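Student: Swiss-Prot lists these features:
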| type | residues | note |
| --- | --- | --- |
| BINDING | 39, 40, 41, 42, 43, 71, 108, 138 | 4-amino-2-methyl-5-(diphosphooxymethyl)pyrimidine binding site |
| BINDING | 72, 91 | Mg(2+) binding site |
C-alpha cells in the first residue's frame with residue numbers, strides 16, 4: 001500500500017487480544033461495515049502468536065486496501081511491514097521509533113495537549129486523546145475532560161483521534177471539536193453483528209462528528 005497522500009481519518013478499530021475463533025471474521029466484517037483503519041493490539045499472547053496473528057490481520061487489511069497498525073511493538077511492525085505503529089509514553093521513545101520505523105506512527109496523548117505538541121514535533125503522524133468515558137479495555141485508566149479537545153488544531157496540524165469507551169450512544173459527544181476520527185474496541189468486538197455495528201458507527205461519525213469539524 002502506498003502511504004503517500006493517505007489521510008489518516010475515520011473509523012479506527014483496535015482489536016481485542018487474540019483468543020476467539022471468530023477473531024479474524026470480526027475484523028473482516030467490521031471492514032466491510034466501514035472501518036477505515038485496523039490496529040492489532042494484544043497484551044497477553046506470546047510473540048510467536050502475535051507474529052502469526054499480525055500477518056493474518058495484515059492480509060485482511062491489504063485485501064480491502066485499508067491501513068494496518070501494530071500496537072506498541074515497533075519491531076513487530078517492522079517485521080510484518082505494517083503501515084503503522086501506535087505507541088505511548090511507556091513504549092519505545094517516540095524519537096527512537098521515528099528513527100527506525102519508516103511507516104506511520106500514532107501516539108497516545110491521554111488528556112495532555114502538551115504531549116500532543118511534543119508528538120507532532122517528534123514525528124508522529126497522528127495523536128489519540130482519551131479515554132473520555134470509562135472503558136472495559138482499560139478499567140483503571142483515568143477519564144479526561146473533553147475540553148482538552150477545544151481548538152486542538154490551533155496547536156497541532158496532524159490528525160486527532162479519540163479513544164476509550166466510545167460507542168453508538170455517545171459518539172455524538174465529539175461533534176464540533178474538529179477531530180479526525182474515533183477508535184473503538186468493544187463497540188465492535190462485543191457486538192453480535194460487527195458489520196452492522198461498524199456501519200452505524202461510521203454513519204454517525206461522518207454525519208455528526210466529522211461533518212461538524
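Cβ from N, Cα, C; glycine included.
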Student: Between residue 71 (4-amino-2-methyl-5-(diphosphooxymethyl)pyrimidine binding site) and residue 91 (Mg(2+) binding site), what is the CA-CA distance rounded to a whole number of Å?
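Tutor: About 10 Å separate the Cα atoms of these two residues.
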Student: Can you count the other CB atoms that lie within 10 A of the CB of residue 40 (4-amino-2-methyl-5-(diphosphooxymethyl)pyrimidine binding site)?
Tutor: 29
